[in-house]
Amino acid sequence: MPQNTLNTVILAAGKGTRMYSQMPKVLHCIGGKPMVERVIDTAAALNPQNICVVVGHGKEQVLDTVKRDAVWVEQTEQLGTGHAVKTALPHLASEGRTLVLYGDVPLIDVETLETLLEAAGNEVGLLTDVPADPAGLGRIIRDGSGSVTAIVEEKDASATQKTIREINTGILVLPNAKLENWLNSLSSNNAQGEYYLTDLIAKAVADGIKVRPVRVRASHLAAGVNNKRQLAELERIFQTEQAQELLKAGVTLRDPARFDLRGRLKHGQDVVIDVNVVIEGEVELGDNVEIGANCVIKNAKIGANSKIAPFSHLEGCEVGENNRIGPYARLRPQAKLADNVHVGNFVEIKNAAIGKGTKANHLTYIGDAEVGSKTNFGAGTIIANYDGVHKHKTVIGDEVRIGSNCVLVAPVTLGNKVTTGAGSTITRNIEDNKLALARARQTVIEGWMRPEKDKQ
């Protein structure tokens with residue numbers, strides 16, 4: 001039997017009633033990624049012959065959310081873990097081994113699974129744990145010589161068996177040559193009226209197949225999620241591990257306990273991240289980048305020596321070197337900033353290319369625009385890019401000076417070194433080196449008296 005023929009089955013059909021959520025349990029996220037997706041990615045790292053995911057409750061939602069290359073099998077009736085694996089049998093090889101994983105055990109890692117597979121060889125591998133509180137979990141039964149002989153679920157366990165602290169994590173390696181016969185012989189004659197996958201241990205022993213137990217090196221690696229408290233506990237463990245890895249790699253985290261990584265972070269040297277920062281998706285930070293407190297950075301690239309001030313939100317954007325962003329700035333998708341750009345408080349940029357050295361320091365909206373270098377936006381400048389049906393583009397040249405409280409009504413083009421007077425509404429193109437004013441002339445009313453309230 002070729003030991004390198006590996007099939008994986010991921011059980012993800014449960015309702016998750018204790019989550020009190022309309023979302024299928026396995027779609028709840030750890031580190032910004034659905035739990036079942038994490039398990040699929042871990043399984044894929046083992047290079048198996050196939051990955052079979054058994055779904056049931058919320059099947060359509062799971063399939064719509066998780067875009068991974070796998071065989072998806074529906075368990076129409078939730079009749080237990082043994083029945084779930086049985087539904088996957090038509091997709092498993094007749095030779096080799098099957099690794100059984102769970103869509104709600106998100107932190108299982110490749111190292112643990114490789115150790116289990118090596119220990120199992122061509123026999124049965126069983127991942128066990130000795131948690132602080134084994135209540136509610138299946139107990140490992142051993143004979144006088146210490147060999148595993150069975151697993152007893154707590155609802156079926158005797159008072160003596162309940163004192164056993166070693167528990168079954170549910171993760172198994174099973175020989176395919178025996179698997180079908182074992183599954184077909186399962187009985188639902190138990191406290192829950194279900195077909196237990198754990199009953200295969202006793203069947204293996206009866207057939208003379210050795211059960212090779214491997215104790216997980218840390219309980220959280222095999223911990224399942226049944227409620228929001230457990231989800232939060234694993235999330236915090238995951239985030240702590242991510243923070244520790246970043247610290248080892250030279251990133252300065254002002255408070256590792258107040259940092260969330262919900263994706264992947266690529267970074268240079270001397271990166272500093274302040275408290276309550278959230279990193280999502282694919283993020284790249286260059287050398288000497290500083291991220292201020294309470295920022296959210298999602299799918300963004302930030303060049304060397306740039307500083308992001310507190311409470312800024314960057315998503316789907318590219319920031320050049322030596323930029324100064326924020327506080328309270330928002331860069332939306334397709335915002336692309338060259339080097340030495342300043343974006344100040346309450347400035348929003350969307351789908352716009354901003355040239356080198358340009359500044360928008362206060363209260364400005366720049367959308368669907370192409371802006372040259374060394375241009376300055378006065379406070380309160382608005383690019384009116386939407387006519388109610390379509391978005392239109394604005395082109396602004398180099399060294400343009402836009403006065404405070406101006407509105408640029410797209411589509412419109414401002415040439416190089418144009419100046420607009422404060423309070424102007426610009427609706428027509430302006431040639432290079434021109435001053436444009438588009439506002440009512442001030443009138444002072446002589447002899448005017450301010451109305452006063454009647455004192456009676």
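Quick reminder: no glycine exception, Cβ is built from N, Cα and C everywhere.
Within 10 Å of the Cβ of His362 (active site, proton acceptor) there are 15 other Cβ atoms, across all protein chains. The active site, proton acceptor annotation in Swiss-Prot covers His362 and is backed by sequence analysis.
DSSP classifies Leu11 (UDP-N-acetyl-alpha-D-glucosamine binding site) as strand under the three-state reduction. Under the heading UDP-N-acetyl-alpha-D-glucosamine binding site, Swiss-Prot lists 11-14, Lys25, Gln75, 80-81, 102-104, Gly138, Glu153, Asn168, Asn226, Arg332, Lys350, Tyr365, Asn376.
The annotation Mg(2+) binding site is assigned in Swiss-Prot to Asp104, Asn226. Asn226 (Mg(2+) binding site) is surrounded by 16 other CB atoms, counting those within 10 A of its CB over all protein chains shown.
The number of other CB atoms found within 10 A of the CB of Arg439 (acetyl-CoA binding site), across every protein chain shown, is 14. Feature annotation from Swiss-Prot assigns acetyl-CoA binding site to Ala379, Asn385, Tyr386, Ser404, Ala422, Arg439; the stated evidence is sequence analysis.
Under the heading region 'Linker', Swiss-Prot lists 229-249. In this model, the region 'Linker' (229-249) carries an average pLDDT of 98.
Taken from Swiss-Prot, the feature region 'N-acetyltransferase' covers 250-456.
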In all the protein chains shown, the tally of other Cβ atoms within 10 Å of the Cβ of Asn376 (UDP-N-acetyl-alpha-D-glucosamine binding site) is 17
The answer for the region 'Linker' (229-249), taking Cβ pairs under 8 Å and residues 6+ beyond its ends, is 19, 28, 30-31, 106-107, 220, 223, 256-257, 259-261, 265, 267
If you count the other CB atoms within 10 A of the CB of Gly80 (UDP-N-acetyl-alpha-D-glucosamine binding site), including all protein chains displayed, you should get 21
Among Ala379, Asn385, Tyr386, Ser404, Ala422, Arg439, the record's acetyl-CoA-binding residues, the widest C-alpha separation in angstrom comes to 22
Cβ-Cβ distance under 8 Å, sequence separation of 6 or more, same chain as Leu11 (UDP-N-acetyl-alpha-D-glucosamine binding site); the residues meeting this, in order, are Val54, Thr81, Ala84, Val85, Val100, Leu101, Tyr102, Gly103
